[in-house]
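For reference, Swiss-Prot has these:
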{"type": "BINDING", "residues": "10-17, 57-61, 119-122", "note": "GTP 1 binding site"}
{"type": "BINDING", "residues": "182-189, 229-233, 294-297", "note": "GTP 2 binding site"}
{"type": "DOMAIN", "residues": "4-167", "note": "domain 'EngA-type G 1'"}
{"type": "DOMAIN", "residues": "176-351", "note": "domain 'EngA-type G 2'"}
{"type": "DOMAIN", "residues": "352-436", "note": "domain 'KH-like'"}
Amino acid sequence: MPKPVIAIVGRPNVGKSTIFNRIVGERVSIVEDIPGVTRDRIYSAGEWLNHEFNIIDTGGIDIGDEPFLTQIRQQAEVAIDEADVIIFMTNGRDGVTAADEEVAKILYRSNKPVVLAVNKVDNPEMRSDIYDFYALGFGEPFPISGTHGLGLGDLLDEAAQHFPKIEEDGYDEDTIRFSLIGRPNVGKSSLVNALLGQERVIVSNVAGTTRDAVDTPYSKDGKDYVIIDTAGMRKKGKVYESTEKYSVLRALRAIERSDVVLVVLDGEEGIIEQDKKIAGYAHDSGRAVVIVVNKWDAVKKDEKTMKAFEENIRAHFQFLEYAPIVFLSAKTRKRTQTLIPVIDEVNESHSIRIQTNVLNDVIMDAVAMNPTPTHNGSRLKIFYATQVAVKPPTFVVFVNDPELLHFSYERFLKNRLRESFGFVGTPIHIIARARD
């Protein structure tokens with residue numbers, strides 16, 4: 001099920017990006033003491049006391065020629081639309097400002113849970129200054145310091161109290177859930193309609209007609225599926241409507257609910273940098289992946305065109321070397337019937353479980369074929385391996401020193417596992433662990 005979403009909202013230069021980086025544990029956002037320095041939305045996963053969530057740094061959205069308060073209003077409205085909980089960030093050094101009050105008015109009308117944070121309270125003497133923030137109407141203000149990491153535990157405790165209860169989606173466990181992700185107008189909704197044989201999803205030539213994820217139950221040859229069609233992911237800076245600002249987040253939430261992710265490309269336009277970024281989301285999710293090249297009917301081709309396009313995909317998406325590629329046309333429905341069997345295959349691979357004795361035979365054969373690497377005179381020793389998870393298949397390899405497992409040798413082991421067991425369309429995770 002989708003993780004809860006926290007949005008950090010506030011006027012520029014209250015420290016949203018610093019707090020975001022503290023929560024996710026790494027420096028993802030650019031942080032400078034200049035209002036509006038965070039130029040785009042930053043998304044990341046966080047965890048607090050066994051609560052997993054997604055978090056958005058909304059700092060400095062579309063900083064440009066628009067009036068200052070309009071920027072704030074757009075930022076808050078977008079966060080309201082997507083978030084389950086909003087952290088309203090203010091600056092204790094500045095006190096309550098007119099801009100804070102503008103944000104508060106919008107959030108107060110939202111009926112979304114709001115946790116009020118007063119940042120830059122860097123020492124105990126400043127705590128008495130936070131009481132003015134009660135006037136914003138959101139109850140107790142939580143004093144925090146992004147610079148020193150103070151008060152974040154209490155803040156996240158309060159935010160977690162407002163996370164929605166996890167509910168099952170009502171579909172059978174055997175139902176295969178697959179999502180379609182890609183740039184606007186690559187034909188995702190047309191592909192859904194081609195599979196269903198009806199105009200289930202509104203389709204037009206306007207990029208981004210599908211505004212949100214739409215679930216569609218679907219049955220074929222006695223098997224049940226749920227198709228999750230997502231709003232297109234736009235290249236940053238091109239679109240300013242608030243309904244588009246979190247299309248990436250919507251797609252990420254759809255991916256979380258999926259067993260299989262279809263990365264849809266436009267065969268007519270070819271591959272652009274945004275496609276690579278979108279494909280990266282699919283790979284990072286650990287879901288099974290199929291690359292779909294749509295609009296193949298519109299491509300001028302000969303007997304070498306498909307092979308050349310496939311080689312281009314492999315060059316751009318080296319991290320998805322395991323993903324099968326399907327060429328089709330949603331418009332003419334040519335080859336669309338080949339897609340479902342591929343989805344079945346990668347979903348099955350995603351769930352493969354290997355017996356420990358069989359797994360170790362393959363690992364030891366691999367070591368005999370290609371001896372383990374050495375570093376500073378020490379050789380990697382692999383004692384045994386075991387599979388600890390599926391979706392994706394995850395293996396723990398017990399070794400003398402995890403630092404000796406070089407990524408190139410890890411890749412070699414993954415390739416041997418693929419050759420032995422298939423694993424079509426699914427990533428493989430290998431975790432090196434020292435033997436006690």
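Keep in mind that glycine also has a Cβ here, set from the backbone N, Cα and C atoms.
Put simply, Gly182 (GTP 2 binding site) is 33 Å from Asn13 (GTP 1 binding site) when counted between their Cα atoms.
The 10 Å shell around the Cβ of Asn13 (GTP 1 binding site) contains 18 further Cβ atoms across the protein chains shown. Listed in sequence order, the binding-site residues from Gly182, Asn185, Lys188 having a Cα within 10 Å of the Cα of Gly10 (GTP 1 binding site) amount to none. According to DSSP, Lys16 (GTP 1 binding site) is assigned to a helical segment. Sorting the domain 'KH-like' (352-436) by DSSP state (H, G, I as helix; E, B as strand; all else coil) yields 32 helix, 24 strand, 29 coil. Here Lys16 (GTP 1 binding site) is positioned 33 angstrom away from Asn185 (GTP 2 binding site), judged by their C-alpha atoms.
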